[in-house]
Amino acid sequence: MKKITVLGAGSWGTALALVLADNHHDVHMWGHRQELIDQIDEKHENHDYLPNVALPASIKATTDMKQALEGTDAIIVAVPTKAIREVLKRANELITSKVPFVHVSKGIEPDTLLRISQMIEQEVPDEKREAVVVLSGPSHAEEVGLRHPTTVTVSSENIEAAQFVQDLFMNNNFRVYTNPDVIGVEIGGALKNIIALAAGITDGLGYGDNAKAALITRGLAEIARLGTQMGGNPLTFAGLTGVGDLIVTCTSVHSRNWRCGNLLGKGYKLEEVLEKMGMVVEGVRTTKGAYQLSKEYKVSMPITEALYHVLFEGKKVDDAVESLMARVKTHEMEDLVNMFENQTK
């Protein structure tokens, strides 16, 4: 049995705490809202973020980060991208031993264009960080909380750390694979939120299955183009953290990004949507970062570019769709073939 600290008491952090508790680990959750923490610790539920799920009574929750981190064997970072640096700065002052950091958020920092593993490496010094491990894949917290079969991938430059995390989480309901391609896993997980926003828009506009199928397929091509240019393995995007995560996020009402896009497609303004949802929609921030990365790496990402114009420049959603359909004709597979050929050289 290991002591595992989960930083973050949202839906995903809570669901993963449940998996770890099912595996008989000593799970300590940290959050900053006393009312929510009391709900988890005393009533064994998280009605705000994971309703209708009974949490194991063994899960402990606290607002005292020092208490949560004391003697821990691993730290699960389960806070939104925009809060990661602040939380890590606090944790860094309290960590007394070298432990692996497992991040489960999906995004890109807009100001620096860094992946989350790079942010952790900046904020936590080597003497306190055994390794950085990414956990990603098609995994709605709502279904994990109900113990429905779920499969994810863990990735790290340190294979032993990846296998350690694999063993922490693996059980009959939660299958875990390893993949050494950290860049590909992170980019796939982050950018699928952009395509999910766009998929929600097409559904909100009532365009039907044809449009969404094309959007998902061409969206995957965009993700793979940028991810490979940044150093990822193109095969990763055909796996759980690529096409797998893309499918689940673009087609499910559980997806915050899909729901956000759906409301945009129905005519709501972005500010109205975010206020109405009352939850973090990572795809909005990620769109800004991915748009900038596409310019930096000189990669064609027409869906991302169109969504950027909708979110941040006020372009109408139906005009954005029209501009995508009116693009200059091109070959479907040429760039993907070149991508694989370059990988094998």
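Positions of Cβ are set from backbone N, Cα and C atoms, glycine also.
Keep in mind it's a predicted model, so treat the numbers as computed, not measured.
Packing around K192 (active site, proton acceptor) is summarised by its Cβ count: 33 other Cβ atoms lie within 10 angstroms of its Cβ, all protein chains included. Positions annotated as active site, proton acceptor by Swiss-Prot, on the basis of sequence analysis: K192.
Look at K106 (NADPH binding site): DSSP puts it in coil. The number of other Cβ atoms within 10 Å of the Cβ belonging to K106 (NADPH binding site), over all protein chains shown, comes to 27. Look at Swiss-Prot and you will find S11, W12, H32, R33, K106, A141, R256, V280, E282 tagged as NADPH binding site, backed by sequence analysis.
Take the CB of S255 (sn-glycerol 3-phosphate binding site) and look out to 10 A: across all protein chains shown you find 23 other CB atoms. Among the features that Swiss-Prot reports, sn-glycerol 3-phosphate binding site is placed at K106, G137, S139, K192, D245, S255, R256, N257.
Taking every pair among K106, G137, S139, K192, D245, S255, R256, N257, the residues recorded as binding sn-glycerol 3-phosphate, the greatest CA to CA distance is 16 Å. Secondary structure at K192 (active site, proton acceptor), taken from DSSP and collapsed to helix, strand or coil, is helix. As a whole number, the greatest separation of Cα atoms within the NADPH-binding residue list S11, W12, H32, R33, K106, A141, R256, V280, E282 is 22 Å. The two recorded residues, S139 (sn-glycerol 3-phosphate binding site) and R256 (NADPH binding site), show a Cα separation of 13 Å.
The shortest Cα-Cα distance between G137 (sn-glycerol 3-phosphate binding site) and any of the binding-site residues S11, H32, K106, E282 is the one to K106.
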